[in-house]
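**Student:** Okay, handing you the structure first.
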Amino acid sequence: MGKGLEGTAARCGLGMGYLLHSVVLPALAVLGASRPGSAAQDDDFFHELPETFPSDPPEPLPHFLIEPEEAYIVKNKPVNLYCKASPATQIYFKCNSEWVHQKDHVVDERVDETSGLIVCEVSIEISRQQVEELFGPEDYWCQCVAWSSAGTTKSRKAYVRIAYLRKTFEQEPLGKEVSLEQEVLLQCRPPEGIPVAEVEWLKNEEVIDPVEDRNFYITIDHNLIIKQARLSDTANYTCVAKNIVAKRKSTTATVIVYVNGGWSTWTEWSACNSRCGRGFQKRTRTCTNPAPLNGGAFCEGQNVQKIACTTLCPVDGKWTSWSKWSTCGTECTHWRRRECTAPAPKNGGKDCEGLVLQSKNCTDGLCMQAAPDSDDVALYVGIVIAVIVCLAISVVVALFVYRKNHRDFESDIIDSSALNGGFQPVNIKAARQDLLAVPPDLTSAAAMYRGPVYALHDVSDKIPMTNSPILDPLPNLKIKVYNTSGAVTPQDELSDFSSKLSPQITQSLLENETLNVKNQSLARQTDPSCTAFGTFNSLGGHLVIPNSGVSLLIPAGAVPQGRVYEMYVTVHRKEGMRPPVEDSQTLLTPVVSCGPPGALLTRPVVLTMHHCAEPNMDDWQIQLKHQAGQGPWEDVVVVGEENFTTPCYIQLDPEACHILTETLSTYALVGQSITKAAAKRLKLAIFGPLSCSSLEYSIRVYCLDDTQDALKEVLQLERQMGGQLLEEPKTLHFKGSTHNLRLSIHDIAHSLWKSKLPAKYQEIPFYHIWSGCQRNLHCTFTLERFSLNTLELVCKLCVRQVEGEGQIFQLNCSVSEEPTGIDYPIMDSAGSITTIVGPNAFSIPLPIRQKLCSSLDAPQTRGHDWRMLAHKLKLDRYLNYFATKSSPTGVILDLWEAQNFPDGNLSMLAAVLEEMGRHETVVSLAAEGNY
């Protein structure tokens, strides 16, 4: 009724006095008369209204200084609602579209001393009974209507609800037993209540504050997460829900952090316990590293080990019997002897005591004395001379033997040098020709190419894999060229054989292309085709490297308020920038840097880059690596093994990966094949010269990782070389089966062309392809036409993995001397925009995004919140990452923006929201003109 009256007054231009006297008062009288027993009350109501009202004074519309606030009735206590407006002659409350009787109003009027305007303040009291008597889907509400001579003003609606908090928790925490440093999740869903209950956690009846103890984290769903369980975290945990009505406690959940026992190191072996004969030695260990705690498992195994030992018994020595006395000597003595061998002392036994020799006089002291003879002196002199002569002869013989041995050793050195094929160091004599008994064998059916083998030979003896000098050399590259004829190739024809594999290159072309390599390597450092940069503030934006599949999404709010960052994203193409990989590992993405390093971000950015893996997680172990500055490459996270402390989240789509991170650095994705069924995608691209004035025509077959940047690099390289794309590139699934890649050419018109490859096919070794670390890997097929009048080449090229998949290219090339123009259908000429700043970078308008976040961030009892949104968008592989963010919905929408850039599939998003029952958001999308 009030709305109709006000509308009438506004349309007719009537004063408020006339409106109240002619319309409002009679209507109120009729309403009063319709209620029995209320006549006297209505008379009082009319008497209290003023007799006259001022008409059309120059006053403004009423302005509310105080508007009614939402209130909750606790138990049976009524609540008061207040309104205050100026200038206002009257203020009345309207509750649930019905006017509140004047007698229920408490009115206070005064005149503002400063402005001279009437200030009116009114309050009413709402009881529990009034709220309970209301029927219908809408809650009990009241609003104020203020009058002045200029018109009426309505306040906002204030809802009055009966506060309550149910006793039963919807989900209570459960006790757990966990090992040390394990992540613990305690779930809690508070009981239903109005207003919504606040949740806190108690540990042994003390409130947990995650700010003080960062090992605890309370999610937006009220769950408690213990990041790494400690022994001190063994306690009783209680979930507490409270509002203005009551405080409820859940059942206590006991968390026990146990420690499994671990063995200490073994002690040294003890000495053998037997001093003589068989015994044993032992060593021990204890279950104290660590000792089991809180029910942890005891160490498995024995704590004592014993081994048999044998200690030899000591044997004391004993004398043998004395020998017979010797004959009487010239000095009138004779002697006898004995030995300590019956038995000899062993194993530490005692030695014999006493004399070994015993002598005594054999003539009873009657011994003759003879004068010295001069013959004895001559005898002694002769003996000395003989000894000296023997020593001299020995020295001469020794010198002769030494010289003979030295000469033979020198001959051995000369002989060994002959085995080097004639490449002797300086100052060493040439080898004797008679030592080259066996000539080199040139009858093998395969010719091998290895870079280091030909370091001392002429360049013409090499069998190159490619004739393109602009490409970086491939170290230790080996290619087998299989000859079907099996004929022996003479040594003097080796140079001609190698020249048949690739065309001759003039010296001037070689020098020019070498110069191009140098210029290109310098240009790569600042190549704008590999880098995008821009200046961003808190509004965010998007950096895109055209035609490379690499971009960086900076969400709104990622850059702190009030700061401006010069940000960039770049692709590194130098092989030295790539992470080292092991035999079974492969590089799946380009190496991408984003910066500036160390920049403070308040929410994750999304780094997007193409990958070449067939993402079957049963066959792969995929991990993200990063490099800080010039330091070593470090592991960040293994996909599928994330935990609460993981700093990044990886969304792996069929062709691209999206990395959510708050750390700007250098990143790359590395895969390790678990089974031989693991496969990576290769992009096969075939190029030929734009114009050809010679008889030779070269076809280059590139085998690249199936990423946009790898193909873009080759297209740029061929453009510089004057090459053209001969056929649409094709994809090949290359399995980790260790089988090589085989390339062959077929169906050549032999009357017009001949192949200069003296083999049936070429092969690229498996690991050269699988590692993903060799850029621009390719093979060259050289054909020769018999006449310059031949202007067309028709043939087939087959590329396949041995015992695997393959692709066939049907080539129909035009060969002419004049350039026909280069067409690169892969290069998107429209993709020149690299930087988008502000709201234009995002598909979802900011107001709708804010509305989505405010409605989906809060957990819902039916689950119609951000978790369902992640599930519907297939982004629910690891929900705990989003749960740790202040706005999980915002991070999910950031990831959706990166996935659907640049088209922005809003129709799909609207359909998902429609399924979730978010009709108002779908209507908002339609109103924005984006749906």
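Glycine is no exception: its Cβ is also placed from the backbone N, Cα and C atoms.
Computed from a predicted structure; not experimentally measured.
Annotation comment: Swiss-Prot describes 1-39 as signal peptide. Marked as topological domain 'Extracellular' by Swiss-Prot: 40-380. For 62-159, the entry in Swiss-Prot reads domain 'Ig-like'. Annotation source Swiss-Prot lists disulfide bond at Cys83-Cys144, Cys95-Cys142, Cys188-Cys239, Cys272-Cys309, Cys276-Cys313, Cys287-Cys299, Cys328-Cys362, Cys332-Cys367, Cys340-Cys352. Per Swiss-Prot, the feature domain 'Ig-like C2-type' maps to 161-256. If you look up Swiss-Prot, you'll see Asn236, Asn361 marked as N-linked glycosylation site. Taken from Swiss-Prot, the feature domain 'TSP type-1 1' applies to 260-314, supported by sequence analysis. Feature annotation from Swiss-Prot assigns domain 'TSP type-1 2' to 316-368. Look at Swiss-Prot and you will find 381-401 tagged as transmembrane segment, backed by sequence analysis. Per Swiss-Prot, topological domain 'Cytoplasmic' is recorded for 402-931. According to Swiss-Prot, the feature domain 'ZU5' maps to 530-664, an assignment based on sequence analysis. Per Swiss-Prot, domain 'Death' is recorded for 850-929.
Buried or exposed, and what's around them? Tell me for each listed feature.
**Tutor:** For the domain 'Ig-like' (62-159), DSSP puts the residue distribution at 8 helix, 53 strand, 37 coil.
For Cys83 (disulfide bond), the same-chain residues 6+ apart in sequence whose C-beta sits under 8 angstroms from its C-beta are Phe64, Ile66, Glu67, Pro68, Ile91, Phe93, Glu121, Val122, Ser123, Cys144, Ala146, Ser155.
The Cβ of Cys95 (disulfide bond) has 22 other Cβ atoms within 10 Å, all protein chains considered.
Over all protein chains present, the Cβ of Cys188 (disulfide bond) has 24 other Cβ atoms lying within 10 Å.
According to DSSP, Asn236 (N-linked glycosylation site) is assigned to a strand segment. The Cβ of Asn236 (N-linked glycosylation site) lies under 8 Å from the Cβ of Lys203, Asn204, Glu205, Thr252, Ala253, Thr254, Val255, each on the same chain and at least six residues away in sequence.
Residue counts of the domain 'TSP type-1 1' (260-314) by helix, strand and coil are 0 helix, 17 strand, 38 coil (DSSP-based).
Long-range Cβ neighbours of Cys272 (disulfide bond) (same chain, at least 6 residues apart, Cβ-Cβ under 8 Å): Gly279, Phe280, Gln281, Cys309, Thr310, Thr311.
Here Cys313 (disulfide bond) comes close to Cys276, Gly277, Asn347: these same-chain residues lie at least six apart in sequence, with C-beta atoms under 8 angstroms from its C-beta.
Neighbour density for Cys299 (disulfide bond): within 10 A of its CB lie 19 other CB atoms from the protein chains shown.
Around Cys328 (disulfide bond), taking its Cβ as the centre, 13 other Cβ atoms fall within 10 Å, counting all chains. The DSSP secondary structure for Cys328 (disulfide bond) is coil.
Cβ neighbour count for Cys332 (disulfide bond): 14 (other Cβ atoms within 10 Å of its Cβ, all protein chains included).
Non-local contacts of Cys352 (disulfide bond) by the CB criterion (under 8 A, 6+ apart in sequence, same chain) comprise Gly317, Lys318, Trp319, Cys340, Pro345.
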**Student:** Rounded to a whole angstrom, what is the C-alpha distance between Cys299 (disulfide bond) and Cys188 (disulfide bond)?
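**Tutor:** That comes out at 36 Å between the alpha carbons.
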**Student:** Have a look around Cys287 (disulfide bond) and count the other CB atoms within 10 A of its CB, chains all included.
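**Tutor:** Result for Cys287 (disulfide bond): 18 other Cβ atoms within 10 Å.
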**Student:** To the nearest whole angstrom, state the Cα distance for the pair Cys239 (disulfide bond) and Cys142 (disulfide bond).
**Tutor:** 36
**Student:** Mind checking which of Cys144, Cys276, Cys309 has the fewest other CB atoms within 10 A of its CB? They're the disulfide-bonded residues.
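**Tutor:** Candidates: the disulfide-bonded residues Cys144, Cys276, Cys309. Fewest Cβ atoms within 10 Å: Cys276.
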**Student:** Just the number: how many Å between the Cα atoms of Cys142 (disulfide bond) and Asn361 (N-linked glycosylation site)?
**Tutor:** 148
**Student:** Checking your reading of the structure: which of the disulfide-bonded residues Cys188, Cys287, Cys328 lie inside a 10 Å Cα sphere centred on Asn361 (N-linked glycosylation site)?
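**Tutor:** So far as Cα distances go, the disulfide-bonded residues lying within 10 Å of Asn361 (N-linked glycosylation site) are Cys328.
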**Student:** Sequence gap of 6 or more, C-beta under 8 Å: which same-chain residues meet both conditions with respect to Cys362 (disulfide bond)?
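**Tutor:** In sequence order, Trp325, Cys328, Gly329, Cys332, Thr333, His334 meet the Cβ cut-off.
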**Student:** Among the recorded positions listed here, Cys142, Cys340, Asn361, which has the most company in the form of other Cβ atoms within 10 Å of its Cβ?
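**Tutor:** Counting every other Cβ within 10 Å of each candidate, the maximum falls on Cys142.
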**Student:** Do me a favour and check the Cα-Cα span between Cys95 (disulfide bond) and Cys188 (disulfide bond); whole Å is fine.
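**Tutor:** A Cα-Cα distance of 38 Å.
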**Student:** With every protein chain in view, what's the tally of Cβ atoms within 10 Å of the Cβ of Cys239 (disulfide bond), excluding that atom itself?
**Tutor:** 26
**Student:** With DSSP assignments reduced to helix, strand and coil, which class does Cys362 (disulfide bond) get?
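**Tutor:** Cys362 (disulfide bond) sits in coil per DSSP, no helix or strand.
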